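Peer 1: Structure provided below as structure tokens; questions to follow.
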Amino acid sequence: MTKCRRRRLHLSNIYAFKGRKSNFQEDHSHIGGPGFSRVVYCNEPNSPAAERRNYVGNYVRSTKYTLASFIPKSLFEQFRRVANFYFLVTGVLSLTALSPYSPISALLPLTFVIAASMVKEAIEDWGRKKQDIEMNNRKVKVHDGNGIFRREGWRDLKVGNIVRVEKDEFFPADLLLLSSSYEDSICYVETMNLDGETNLKVKQGLEATSSALHEDSDFKELKAVVKCEDPNADLYTFVGTLHFEEQRLPLSITQLLLRDSKLRNTEYIYGVVVFTGHDTKVIQNSTDPPSKRSRIERKMDKIIYLMFGVVFLMSFIGSIVFGIETREDRVRNGGRTERWYLRPDNADIFFDPDRAPMAAVYHFFTAVMLYSYFIPISLYVSIEIVKVLQSLFINNDILMYYEENDKPAHARTSNLNEELGMVDTILSDKTGTLTCNSMEFIKCSIAGTAYGRGITEVERSMAMRSNGSSLVGDDLDVVVDQSGPKIKGFNFLDERVMKGNWVKQRDAAVLQKFFRLLAVCHTAIPETDEATGSVSYEAESPDEAAFVVAAREFGFEFFSRTQNGISFRELDLASGKTVERVYRLLNVLEFNSARKRMSVIVRDEDGRLLLLSKGADNVMFERLAKNGRKFEEKTREHVNEYADAGLRTLILAYREVDENEYIEFSKNFNEAKNSVTADRESLIDEITEQMERDLILLGATAVEDKLQNGVPDCIDKLAQAGIKIWVLTGDKMETAINIGFACSLLRQEMKQIIINLETPHIKALEKAGEKDAIEHASRESVVNQMEEGKALLTASSSASSHEAFALIIDGKSLTYALEDDFKKKFLDLATGCASVICCRSSPKQKALVTRLVKSGTGKTTLAIGDGANDVGMLQEADIGVGISGVEGMQAVMSSDIAIAQFRYLERLLLVHGHWCYSRISSMICYFFYKNITFGVTVFLYEAYTSFSAQPAYNDWFLSLFNVFFSSLPVIALGVFDQDVSARYCYKFPLLYQEGVQNLLFSWKRIIGWMFNGVFTALAIFFLCKESLKHQLYNPNGKTAGREILGGTMYTCVVWVVNLQMALAISYFTWLQHIVIWGSVAFWYIFLMIYGAITPSFSTDAYKVFIEALAPAPSYWLTTLFVMFFALIPFFVFKSVQMRFFPGYHQMIQWIRYEGHSNDPEFVEMVRQRSIRPTTVGFTARRAASVRRSGRFHDQLNKNFIAF
């Protein structure tokens, strides 16, 4: 590519807007009006007029807090959690005389938990702060007003500054391109940081500025004004005018260089700062993704509210009883106070028998504080710690690392780990997600002749379906075996056209035009390796790159592009030698989703004007001239065959353009592109529509987007897990169906329910152009087809058959199916089918379908995609998984979890998802179990003491229970436990349904753990009380008091809750042993150390262990007996459950324990305990065969009964 500046060249108007004197008849009404009020004084950032505008500076802050706001704002964030707020209230109440314990013992645990969360917030925010400092201190050359550019920090830039950005530097703000190192003011930009796309974009300045501003010194006298739109988040549009040298020139997105994009393949550019800081488009787009919370977390909130209700109910009951007892105290004893030790004569206390109602009210507040231990204060912070550690395991899983691209899995948020184990429906994009998005040119049709002998994966799959033998596939592999190195983007084999043999074909002239079109009709950028001389290409899409590579392999090598021309080498038909040709590039009629085609207008070396065009078959065939349809019939046949083979097709055509016609077109085209009106795009489309007509057909291309490695096996395994899989794609129905067969999403035995609008009646209405009639007929047709499909499902269900159905619907039909009146019908039909494929669906439709499934089923949905068109779907789903593939990183940046290949979804869900769900479920249940155990002992002791608000335990015993003596084991459970190993998660994928049906966190299981806690507390309290009631506790004749009873009960609680944890764990690691037995040991260590402190601090715990508990045999015997008795119910329940109604994971654990894990009969027996039959994938095919033959059915039933 030419690097020097070229002067006095005739500049074309290819990509941008030709600088010209203003036509004041144009509509400039937007500029200066609402939404278009920005005025930029170029080269005068400090002028009074500019200062009055008061635009924001270029300093960017992404931090959540400032130094001044951190403490108040982070405290507010912490106390928004209802549990934290509750503990704050109880902490404040502890400062009053109502408190049953010392204030410091109440406030210290809360302070610890809040401080831990705030430290986490501070660390995360400091990371953002460091990024801000690094970015704001970057340097760029800024014009000082005297023709000299000096390096300044990004943070100091102002609107109106002129900057010089050099190769491989980032743009510091949104800049208006004035000129570049190229004479015609083009530059190449990489927008990876904006939209994730790695291909280069072409930008071009106005001719007026590029011809006047060449060197640094040219900017000394620059005076210009930009009037444009106000700051907004739209990355793809920009409207404004430049007032320069008495001209008013229209501006578009082509002249705008966006902050954080990078200058590539261009030595330097000059630009004027238009938007700064938080006004730039990239920052305007930096909104937080939608906040997502897992179902378990939302249910946990409900449990917290339930516990609040229990606490207040207990406090209310205790207060009523206390009030009655206080009033009856004197009545029963003839006016004498029986409980004299409560000192009712003391005005500072609240137990006056003469004021019993007030005593009850005061007691209520005391009880609320005393029973606060029912609420697990460390639950939230423990779960956050566990989820972060779980995310680290996901991120560092070597089995989800894609070495080829150096891409590991990345959990971008840890909030949804357990949700990965509850997915009911997967909604997947196709291109780049199920397929590689690495296009290979494999076949083509030229002049009605089909070329290319390659066999696609879909054709191989179709052959296997038809013949039912893997030998067919083996034979096909031999056919496509090729010698020589693999060429990226090219997998074509046909000796008739390779190595220059195309010149010997009957239609060599047509073949030459076809290959020339591939070499010229594109926007690819060539890059030549100076060492080897080989040419590689930067293209806007993998398809386009494949076309250019194919042209090169056919002997038409595109090797250079300038703003005005395209250069390529080809084999000359006349001389038989390779020659270089240069076509002058006049216009590029760019592709968009509405046009479904792109064209270029070029002038060849003979001076002829040519329109070269490629596009979708449905828009290209209708634009053919009468004399251009010579090969149409054969080409249509070949296109249909290619679609059946799962290939992506484009039609190639051309025509010669009359000189006068082009002059008129160029005039109208330039006026349309230079207009500053809201309908600019429609004007351009209207003009190009007139040019892209009367085309002469050359042929069609067929490129294969191969399935990613492991996709069929992954889909098969997910289907065995009972997960439904929907595919939402923009491809044609035929292509999507055949890809569905190739990846086993569809199978031969399935009945296909196809909904489309290809009926003769609707086609006739379309030809007549009756819009209202078309809409009415289309809506009616879609509804009728849905009702017919539902009737098929109902009939199959009533017949108790094993038929599986697949729903396939196109984008037009989907528009009507998603209407409010019919979407429930559509959802009922779709959820009754084993597979759903939505074809020709738009990004908006993908998001709407995802929303419908999520809200309509109430189950967890996962969306997976790789492109910008999948962002809405990813954000709408409960979990968004981004594929870090070829289409850039925009999907990844909008996702919750990123993986490199679809096949990693199997391990992410079946292993990590199941483990995280199982761990978090057990962890939360255990948290409430241990707190109920501890809290009920406090309640029982208070009831035993006539609700006198006397705590059963020392203040510090109360405070440290949740923090030091019981939290670490439960955190270890949440991080390390495995109910079954990864191997068995794969072997028995139906285990995953435990999460889908939420069996491990059902209300039945939660309530069961709560009752277990209540029983444990009852056993501990009454056994300890009765064991110590009438005994002499030491040689001096002293009986057990509160400190001894409390110490014994506390010891039993610590032992029992930790032993219960040990019994609940399925997979022990050395770390779990350390934290469980270490927590118990730490209790004894703490008791000795705390008891050795002065009595003024340790109060009744002073030497209680050394002098009272440890020497007494009854203490140790009671502890041992209570532990045994309190854990018996759990043993009994587990034994009965394992014997009579085992969970799925328990069945797997048992056959592994019995040594039957490798016995095919036992393995198949467990699989037969399906919660949901497998209806897609290879396994479904085998299962269908088994059902038809009835093999092993009776034997499996016998085996299960015996088991």
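Every residue, even glycine, has its Cβ placed from backbone N, Cα and C.
Because the structure is a prediction, the values reported are computed rather than measured.
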Peer 1: Topology question: in Swiss-Prot, are LEU67 and TRP1070 both on one face of the membrane?
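Peer 2: TRP1070 and LEU67, as annotated in Swiss-Prot, occupy the same side of the membrane (identical topological domain).
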Peer 1: If you skip the near sequence neighbours and keep only those at least six away, which residues in the chain come within under 8 angstroms of ASP429 (active site, 4-aspartylphosphate intermediate), Cβ to Cβ?
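Peer 2: Those within reach of ASP429 (active site, 4-aspartylphosphate intermediate), by Cβ under 8 Å and sequence separation of 6 or more, are VAL727, LEU728, THR729, LYS846, ILE864, GLY865, ASP866, GLY867, ASN869, ASP870, MET873.
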Peer 1: How about the transmembrane segment (922-941) and the transmembrane segment (98-120): do they have 3 or more C-beta pairs under 8 A, pairs 6 or more apart in sequence?
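Peer 2: They do not touch: fewer than three Cβ pairs between the two stretches lie under 8 Å.
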Peer 1: Would you mind giving the whole-number mean pLDDT across the topological domain 'Cytoplasmic' (121-303)?
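Peer 2: Across the topological domain 'Cytoplasmic' (121-303), the average pLDDT comes out at 85.
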Peer 1: Test of understanding: applying the rule of at least three C-beta pairs under 8 Å (pairs 6 or more apart in sequence), is the transmembrane segment (1109-1133) touching the transmembrane segment (98-120)?
Peer 2: no
Peer 1: Please list, for the topological domain 'Cytoplasmic' (1065-1070), how many residues fall into helix, strand and coil according to DSSP.
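Peer 2: Once the DSSP states are binned, the topological domain 'Cytoplasmic' (1065-1070) shows 1 helix, 0 strand, 5 coil.
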Peer 1: Mind checking which residues of the chain, 6+ beyond the ends of the topological domain 'Extracellular' (942-955), have their Cβ under 8 Å from one of its Cβ atoms?
Peer 2: 100-102, 105, 318-319, 321-322, 325, 339, 342, 363, 366-367, 370, 1021, 1025, 1042-1043, 1045-1046, 1049-1050, 1098-1101
Peer 1: List, by number or range, the same-chain residues at least 6 past the transmembrane segment (956-975) whose CB is under 8 A from its CB atoms?
Peer 2: 101, 105-106, 108-109, 112-113, 373, 376-378, 382-383, 385-386, 389-390, 393, 919-920, 922-923, 926-927, 930-931, 934, 938, 1046, 1050, 1053-1054, 1057-1058, 1061, 1064-1065, 1069, 1071-1072, 1075-1076, 1078-1079, 1082-1083, 1086, 1090, 1098, 1101
Peer 1: Six or more residues out from either end of the transmembrane segment (1109-1133), which same-chain residues have a Cβ under 8 Å from its Cβ atoms?
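Peer 2: Sequence-distant neighbours of the transmembrane segment (1109-1133): 1012, 1015-1016, 1019-1020, 1023-1024, 1027-1028, 1031, 1033-1034, 1044, 1047-1048, 1051-1052, 1055-1056, 1059-1060, 1063, 1087.
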